[in-house]
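Undergrad: I'd like to ask you about the structure that follows.
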Amino acid sequence: MRDVFLALSNDLPAPFNHPFPSGATRPGYSTTVSRNGGYSFMAIIAVIATTIGLCLSAYTFGAHLALALEPITPTLPFRFTRRFLDRAVVPIAWLAWLGAIFMTIWPPDRPGGPSSSSNSSSWANETWRGQALFACVLAPPGCLLRFYASLKLNGLIPSFPLGTFAVNVFGTAALGMAFDLQHVPLDDGGGNDVASVQSIMVGGGRLGCQVLEGVMDGFCGCLTTVSTWVAELSGLSSRLRHAYAYGFASVAVGLAVLVVVMGSVRWTIGFDAVACATTRWS
């Protein structure tokens, strides 16, 4: 949904392979080409149609492939899976999460770390926390919240999975809020003197930017779900009006939330460049 809004506001970076007139300045990955409102509408439709179409196609192809490979796919004994593998996952998951926390505190590419440059003595070159580690730390709470919300709410309306809808909308709002905070100057609360104003940094500086990236990629990424949403749309296909109503409501409400949350920033003070290396652009 974030890319749908960025397509609407013309903030999706333009690729290099677009044709350009002779002598024109070729835009970079973090720049866009000016266009009128009609192209913005077409961009919205393109992103929505491409995303939903590819997801539904992949789901159907995967189901067909699973049926085709079922006769030759080996299976593990049920008792071994329940007694050993399922129980082993619990301590492994806790240890992996603790490992991610420790790596976030002491990232491998910190100054003097095992993955840092031999000549690096600055934290400015550290990227692991923003691109992966904070996301790994914040992913389990989002996953558990989605699971229990779906468990409690999905059975209330059989034709409209309320739990999945609620977490998708809430996660979209949280993602938009984190994106806004990451792209605007944040005050540290030190006052209005010159030193304080000079200390105001976009997204709260490099560390604040990395935490917000972890919220978006980890917490919001696991709280929201495309795979479950597509599976539910396919399950509702026996009553097409239910599937269309659920799908349209999810997309429309999600986009409306981002227009309010992100649009109120984009069309007033605008977005600034992020202060850290992210999974989207540096």
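Backbone N, Cα and C define each Cβ position, glycine as well.
Below are the features I grabbed from TrEMBL:
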type	residues	note
TRANSMEM	39-67	transmembrane segment
TRANSMEM	88-108	transmembrane segment
TRANSMEM	128-148	transmembrane segment
TRANSMEM	160-179	transmembrane segment
TRANSMEM	243-261	transmembrane segment
Undergrad: In terms of Cβ proximity under 8 Å, which residues at least six beyond the ends of the transmembrane segment (128-148) contact it?
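TA: That would be 93, 97, 100-101, 103-104, 107-109, 115, 164, 167, 171, 206-207, 209-211, 213-215, 217-225, 276-279.
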Undergrad: With the transmembrane segment (160-179) as the reference, which stretch in 39-67, 88-108, 243-261 has the largest tally of C-beta pairs below 8 Å?
TA: 243-261
Undergrad: By Cβ distance under 8 Å, which residues at least 6 away from the ends of the transmembrane segment (88-108) in the same chain are close to it?
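TA: Here the qualifying positions are 114-116, 126, 128-129, 133-134, 136-137, 140.
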